[in-house]
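**Student:** So TrEMBL says this about it:
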REPEAT    164-198  repeat 'PPR'
REPEAT    199-233  repeat 'PPR'
REPEAT    234-268  repeat 'PPR'
REPEAT    304-338  repeat 'PPR'
REPEAT    339-373  repeat 'PPR'
REPEAT    374-408  repeat 'PPR'
REPEAT    409-443  repeat 'PPR'
SIGNAL    1-18  signal peptide
Amino acid sequence: MFLSTAILLLRLSRKSQQNPNFSIPISKPITLRSLQTLTTKLKHLNNAENETGSSSRGTGVPNDDYFAAIHHISNIVRRDFFLERTLQKMQINVTSELVYRVLRSCQKSGIESFRFFNWARNQSKYEPTTLEYEELIKTLGKTRNWDTMWKVAEQMKKQEYALTPEMFSMIIESYGRHGLTDRAVEVFNRMKDYNCEQTTQVYNSLLFALCEVKNFQGAYALIRRLIRKGGIPDKKTYSILVNGWCSSGKLKEAQEFLEEMSRKGFNPPVRGRDLLIDGLLNAGYLESAKGLVRKMTKEGYLPDISTFNSLLEAVCSSGEIEFSIELLRDVCKLGLTPDISTYKTMIPAASKLDKLDEAFRLLHCSIEDGHKPFPSLYAPIIKALFRNGQFDDAFSFFNDMKVQGHPPNRPVYTMLIKMCARGGRFVEAANYLIEMTELNLAPRTQNFDMVTDGLKNCGEHDLAKRIEELEISLWGV
């Protein structure tokens with residue numbers, strides 16, 4: 001009787017946390033207790049920093065407590081209308097790392113991030129670094145708060161912080177993403193006012209902005225200027241322009257550009273055909289990319305492995321898994337060596353199609369190549385075995401992978417429990433649930449409910465009681 005009541009209270013308390021409109025008497029104390037815990041953690045962090053004179057990450061404060069505090073502060077910045085007053089009451093010992101992490105987690109809240117940064121600047125013992133300024137400028141650019149972004153840049157200039165080419169690159173790209181090419185060009189020309197060099201990275205950012213609005217004539221002129229100024233185009237330079245032409249369906253122009261650059265002695269760091277394949281894939285022209293790769297393999301040429309992996313991923317996403325398996329066999333015969341990304345794409349794809357022989361072959365090839373199987377490699381095979389009703393084979397294979405591969409993670413155990421329950425193997429599901437908790441992997445509430453109900457229905461009342469006790473010991477009431 002006590003156990004059933006405890007389970008009921010536990011589930012009601014979870015409902016109250018998930019649904020704000022759901023009200024039970026114990027929900028308020030739980031909320032107060034959690035807030036008190038966070039406040040205690042923040043004070044503990046401050047005390048640790050004061051005692052050592054360093055950031056809390058360098059003390060004995062657990063990482064979970066530190067990141068819980070960061071998360072709590074970030075929520076205040078994003079949601080609290082009076083965020084300065086709330087933060088002041090918390091008596092936080094502000095450090096550069098704390099400010100940077102909060103700004104990183106509030107990238108979609110431009111003005112709120114700016115308010116938090118201004119509040120932090122007014123705190124004693126805190127001096128902002130270039131890292132925080134750059135992160136704030138990036139956030140303000142992404143959220144289209146241009147005027148505020150330039151105010152921050154002017155603050156940096158007044159405090160004699162160097163505005164780096166990387167920062168100008170971020171600003172130009174932020175204008176380019178929103179189609180504001182004229183503003184991007186203006187920023188590019190203003191760089192000399194800040195004594196900042198126009199590097200290849202900056203040229204690439206402006207090139208991206210021009211290609212976003214299909215201004216290919218201006219983009220090509222910009223590349224000629226880069227070469228005239230003594231700059232050297234890099235892989236990204238070629239990729240941006242080729243991707244832009246391919247997205248507009250101008251494959252011929254892209255090929256002519258690569259040939260012209262080659263004649264001038266500026267060969268791209270990767271082969272031109274690989275750039276064209278990437279461009280076609282990025283533009284969504286999958287059939288054209290497939291045709292180009294087929295043509296290459298017939299002529300005895302092999303694509304770059306990263307390009308080939310991108311193609312495999314796109315083909316598998318479109319549902320043409322058999323084509324990707326056949327293509328992989330062809331290129332392997334020509335001497336292409338798959339890498340771990342190839343296996344991460346192909347093993348789940350083959351398993352999804354119930355081609356288990358092919359999936360096992362690829363897995364063994366990856367092991368022979370020296371790759372220790374990740375859960376993402378062996379989990380799809382286990383799921384396919386379950387779908388085919390081969391439960392004993394699935395259990396045996398999972399035991400082998402626990403020895404030969406990386407340790408299973410929470411999603412793998414969740415899948416095992418769910419598939420066992422669907423097949424009526426509730427005792428095995430309970431064993432995996434227990435094994436999961438022994439590895440400090442917290443199961444979901446639904447897992448406990450599913451296993452407990454299934455065990456009771458099949459007459460395993462003692463084991464069901466043990467699972468309920470395990471749930472109580474983990475979550476309490």
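Keep in mind that glycine also has a Cβ here, set from the backbone N, Cα and C atoms.
Curation does not apply to TrEMBL; its annotations are automatic.
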**Student:** Mean pLDDT for the repeat 'PPR' (304-338), rounded to an integer?
**Tutor:** 84
**Student:** Taking residues 6+ outside the repeat 'PPR' (234-268), which of them lie with a CB under 8 Å of any CB in it?
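**Tutor:** Distant Cβ neighbours of the repeat 'PPR' (234-268) are 200-201, 203-204, 207-208, 211-212, 214, 216, 219-220, 223, 226-227, 275-276, 278-280, 282-285, 288.
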**Student:** Can you name the far-off residues of the same chain, 6+ from the ends of the repeat 'PPR' (409-443), with a Cβ under 8 Å from a Cβ of it?
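**Tutor:** Same-chain residues near the repeat 'PPR' (409-443) but 6 or more away: 375, 379, 382-383, 386-387, 389, 391, 394-395, 398, 450-451, 454-455, 458, 460, 463, 466-467, 470, 474.
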**Student:** Same chain only, please: residues at least 6 beyond the ends of the repeat 'PPR' (304-338) with a C-beta under 8 Å from a C-beta of the stretch. Say none if there are none.
**Tutor:** 270-271, 274, 277-278, 281, 286, 289-290, 293-294, 297, 345-346, 349-350, 352-353, 355, 358, 365-366, 369
**Student:** Under DSSP, the repeat 'PPR' (234-268) has how many residues in helix, strand and coil?
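**Tutor:** Residue counts for the repeat 'PPR' (234-268) by secondary structure: 26 helix, 0 strand, 9 coil.
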**Student:** Please list the DSSP helix, strand and coil residue counts for the repeat 'PPR' (339-373).
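**Tutor:** Helix, strand, coil within the repeat 'PPR' (339-373): 26 helix, 0 strand, 9 coil.
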